[in-house]
Amino acid sequence: MDLHLQIHGALFGGPSCSSSYWASSSTSLSLPFIFHRRLNSRSRSRSRGTRLRRSGFSAMPCSSSETSRVGCGGGGGGGAGETDNACVADFKLNESTFLASLMPKKEIGADRFIEAHPEYDGRGVVIAIFDSGFDPSAAGLHVTSDGKPKVLDVIDCTGSGDIDTSTVVKANEDGLIRGASGVLLAVNSSWKNPTGEWRVGCKLVYELFTDTLTSRVKKERRKTWDEKNQEEIAKAVKNLYDFDQKHSKVDDAKLKKTREDLQSRVDYLKKQADRKYGVFSRLDACSFVANVYDEGNVLSIVTDSSPHGTHVAGIASAHHPEEHLLNGVAPGAQIISCKIGDSRLGSMETGTGLTRALIAALEHNCDLVNMSYGEAALLPDYGRFVDLVTEAVNKRRLIFVSSAGNNGPALTTVGAPGGTTSSIIGIGAYVSPEMAAGAHSVLEPPCEGLEYTWSSRGPTSDGDLGVCISAAGGAVAPVPTWTLQRRMLMNGTSMSSPSACGAIALLLSAMKAEGIPVSPYSVRRALENTSTPVGDLPEDKLSTGQGLMQVDKAYEYLKQFKDYPCVFYQIKVNLSGKTNPTSRGIYLREPTASRQSTEGKKEDEGEEESSQKDKFEENYKELTKWVDVKSSKFCTLTVLREKRLSRPGTALKVLDEMIQNENETASKKLYEMKLGLLEEIGWSHLVTYEKQWMQVRFPTSLPLF
């Protein structure tokens, strides 16, 4: 194995630093080794069938911590010993414990921290919420605990609410203007407009609504409309009946026409009862924010694309003066809502929206970012957005928190970017007996706190731990007004991430007030080294990370080591003699992987290589019968085939033609393949030229950074 170590800053004596890797207490640097045997049978259970354990073996150096594991009660930490770890038999569900279970704070020590430091409740901290959007009218999201506005800005980073308002019109002599749809609009006489020019645009309001809201508005509108229509049908039928009673025989042509007219009215009204109908009205109860861009040429109407974003914001920072137990973790923090869930795509995020959101967070000088979005990824710690986040964390000291994913309990199920990116703090989901008894109303709660079974597990495919720490993974929090509910219970790492984010806001609030330097590295180190382990086995770290975070202990740790410098380092592992691929650890999943010998097999290598080439050629020829040989994927396969056959010149020709065909859409990966072929041939002058152009084609950073 080849080991490469990159260090930013200097190493000095001090506390054991786990950073995004696992460092033992006796050394400043340890290489993460993971050995895990694949299971052949179902894992046995514990704690009344709710606790999962895996068989197998695991060996991992990890950061040391003088804390007992989370036992019965799930409170953990704080030196409370048996009191915090009391069995659930002693747990009584009353009004206060029930309310506390709806917005969990005891589990991560946030309640103890705020009780000891009531002025460090997130004040002075700004959190950017990268999510589906936000309802400014939702309960608890109006003001902070010290009376400041809770919401500083609401931004649609997806462009789904943008309206072209480049058309300029003037009012007529009656004070009316013609809208973009052609309808005459009355201008409010109290509006002062010295220029007399008005910008107009048009957008269907249902394009701003979620499917759920659209369905409800149409249903209620239809109900009101149906009532009125049925009244008119009844009147028309009565008129027809009265006519028939008055004229038993209709021989006169004029009377016939009159009856036909009455019958036509009845038929038309009955026909209308079968037509879908709905208009925009106050029934929707949907809040929105309007932003103007491009000197008035674009109007952005921001609405949320699901209740998810408001719920997440409520967990992180809701403030309820009338009931403090329902407060979010950091009621004094302020938020920036950055909508990344595109309403046109069913609340799915896009790369453009994510980049805009990150720029907005930096422009507003946010201290923290919470992103409760994620999905599976082929390559861990890779991608344009990952590069931008890493740059923001390293250069702008932004602390980025994200959910690890909900695809557990299988191994290597952590999602991107939360569970796969070194610069992001990935959060797993934890449930305590109080949460199970209160919020979930479980008849027999588990005797001890545990990770939710669906919380994604590590390690990543390149050997990183995956989950950093864990926090409470469920809460009853505010939701948008259009849902016709004040609060809602949701579960997921989407909930544990804002819980952790709010807890970090408490730490930052205290650090700013006490003059302790804020660094994403020192904060992460404090959280990992003071977390309370969950479970007895070494492989439990794959589920919970370093454990359940404890705010009060992390704060004491930060105060104790505030004079030590912040250290950021990266570990890169390569197979001997190879530069690619680069990994962050060693992940030997198969039981035979750690017992394979590299000696005494040279005589078989030539035979195996020849067999692999024959199989490759056989599959390649078969593919030519079924796929488009001019497609980019097949051309890439052709390039790899020519390289295998030691024909780099032919491979370069095919690759260059593919790049020319794709023109501006050619990916960075194709140019990197081209560089590799040029280096293999030995054309150093062309390698230098292409590298220079690579910097122009694919700049490493945005000008903002």
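The backbone N, Cα and C atoms fix where each Cβ goes, glycine too.
Using a 10 Å Cβ-Cβ cutoff, D131 (active site, charge relay system) registers 30 neighbours. Residues annotated as active site, charge relay system in TrEMBL: D131 (among others).
TrEMBL lists H308 (among others) with the feature active site, charge relay system. Summarising the environment of H308 (active site, charge relay system), the number of other Cβ atoms within 10 Å of its Cβ, over all protein chains shown, is 23.
Per TrEMBL, active site, charge relay system is recorded for S494 (among others). Long-range Cβ contacts of S494 (active site, charge relay system) within its own chain (separation 6+, distance under 8 Å): H308, V312, S372, Y373, S403, N406.
Taken from TrEMBL, the feature compositional bias 'Basic and acidic residues' covers 598-615.
Summed and averaged per residue, pLDDT over the domain 'Peptidase S8/S53' (122-536) gives 88. Marked as domain 'Peptidase S8/S53' by TrEMBL: 122-536.
Annotation source TrEMBL lists region 'Disordered' at 582-615.
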